[in-house]
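TrEMBL annotations:
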- B:ARG66, B:ARG110, B:ILE111, B:GLY112, B:THR113: phosphate binding site (BINDING)
- B:GLN189, B:ARG191: substrate binding site (BINDING)
- B:26-276: domain 'Nucleoside phosphorylase' (DOMAIN)
2 protein chains.
Amino acid sequence: MKDDILYHFALGTGTHDFPALFGDVKFVCVGGSPSRMKAFITYIAEELGLGSVGADYPNICAGTDRYAMYKVGPVLSVSHGMGIPSIAIMLHELIKLLYHSKCSNVTIIRIGTSGGIGLEPGSVVITSQSVDATFKPQFEQVILGKTVIRSTNLDDQLAKELMQCSKEINEFNTVIGNTMCTLDFYEGQARLDGAICLYVEEEKLQYLKAAYDAGVRNIEMESSVFAALCNLSGVRAAVVCVTLLNRLEGDQISSSHDVLVEYQQRPQKLVGHFIKKCLGKV
Amino acid sequence: MKDDILYHFALGTGTHDFPALFGDVKFVCVGGSPSRMKAFITYIAEELGLGSVGADYPNICAGTDRYAMYKVGPVLSVSHGMGIPSIAIMLHELIKLLYHSKCSNVTIIRIGTSGGIGLEPGSVVITSQSVDATFKPQFEQVILGKTVIRSTNLDDQLAKELMQCSKEINEFNTVIGNTMCTLDFYEGQARLDGAICLYVEEEKLQYLKAAYDAGVRNIEMESSVFAALCNLSGVRAAVVCVTLLNRLEGDQISSSHDVLVEYQQRPQKLVGHFIKKCLGKV
């Protein structure tokens, strides 16, 4: 291809100098919400001593509202919206961006939110394996109308390093566990409070307990394709999500705004500490 | 349930008076991009003579950045992000919102963008049936780990009324055809320009031509669950998407920004005309 247009980033090799813009990137942090990813770049800039106080970081993808992207030093922060299709589009374009920019030794970490199973709300889960709705560590990708099964393995060593960081911070409960990745938030996660619900509470609890027994400690909607695409691209990857509620006790996210905001900072703190440590700044 | 928190809208029955806020809603228009849905509310307000020139419409979901929502008179405009999981979350909460608001006789129309097959770019497709990647008119929903097949029928009469509106406007090519709904933009739509691609151009074209032969005229990523959930809820629904390119001729969306902006206004114009007609304002 002569030029490559990364349509959903509103960036292109014909219009942007990728090696100059992104060549020094070593850490990419991704998360669903654009405002959370903006908050993360401000936080990490301060932690790394790279930003001035009150600095505003421009959105590199200002030409579109599909995703938001921010950068400071070797850290790129990108939003991915909700669900497998949304993060998959972002990852295809991100992997191409890193390739065109001639980046090397990049680590990609998803910092997200999730529903916990059998954990105190606010606990952080570092994903050991991303499993599907039948608890299998696989991702089904449909290509030319045929289903292809892909591995959802993540980097064991990286998960252990992140766990060690949580011990060093010692501010919140963190576990390594399996993460169930679903295509739906309501029926797909056995919630009783969707617009449609054709099962009862007993069936819900039976399903969630079976998930727990299969090693699942949290449920979210992006980790499987994230693991699969990072695997195929040979990029070191991890998933670090905070749990906003314990699904064995309810379906609605009813904690106060302030409590939820503090929970959402936990994966940022953990990954911020990890990046500082990698850069010899701890 | 005592209170119902629509978490991804940042609205709740305990904090908001739903019948007062939304009780008069008769038309809900949904689309991926928040800025496009804001542009639509401004457009429809002017068309219906309900807004003052230069009026700014506040985002009803300002407490979150997951979705954006705008309202003028009987028209609600809501963004849904990209992909089946993202629009499914929005639809569950939208259907609950309409229920709690005691709305009746509501029509929901998705106004979106898509890739065309065998159509001149800029053509508009009114969906006859939403089909999956094997061209079947069905949506697979995983519930408690088991796959449930749901119908993706849309309202035939509504599609015909919308087609008639396009004839009355007479500004752009519009067809009624099948819409293929995929879980992925790159491999899932047989693109050759993703970060990963394990097939060749000949296989791609074979697949897209088979889709064309099955009546598919455009490809997008939300229509199947949209049709399924509207069906189950008994809401009259339609999908109206503009095609940004002809996939038989390429994969990249390389038209100029201005051309793409004009294309994206076409479903808005068509649906705007339809709403005016329903309200006796044409």
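Using the three backbone atoms N, Cα and C, a Cβ is placed for every residue, glycine included.
It should be emphasised that the depicted structure is a prediction, and the values quoted were computed from it without experimental measurement.
Location within the structure of each feature annotated in TrEMBL.
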residue  : record                 : CB count, 10 Å
B:ARG66  : phosphate binding site : 24
B:ARG110 : phosphate binding site : 29
B:ILE111 : phosphate binding site : 27
B:GLY112 : phosphate binding site : 28
B:THR113 : phosphate binding site : 21
B:GLN189 : substrate binding site : 26
B:ARG191 : substrate binding site : 18
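When the C-beta distance to chain A is held to under 8 angstroms, the binding-site residues B:ARG66, B:ILE111, B:GLY112, B:THR113, B:GLN189, B:ARG191 reduce to B:ARG66, listed in sequence order. For the domain 'Nucleoside phosphorylase' (B:26-276), the mean pLDDT of the prediction comes to 97.
Looking only at the binding-site residues B:ARG66, B:ARG110, B:GLY112, B:THR113, the one with its C-alpha closest to B:GLN189 (substrate binding site) is B:THR113. Distance noted between the C-alpha atoms of B:ILE111 (phosphate binding site) and B:ARG191 (substrate binding site) is 23 Å.
Secondary structure at B:GLY112 (phosphate binding site), as computed by DSSP, is strand. Largest CA to CA distance in the phosphate binding set (B:ARG66, B:ARG110, B:ILE111, B:GLY112, B:THR113): 19 Å, whole number. Secondary structure at B:GLN189 (substrate binding site), taken from DSSP and collapsed to helix, strand or coil, is helix. Here the Cα atom of B:ARG191 (substrate binding site) is found 28 Å from that of B:ARG66 (phosphate binding site).
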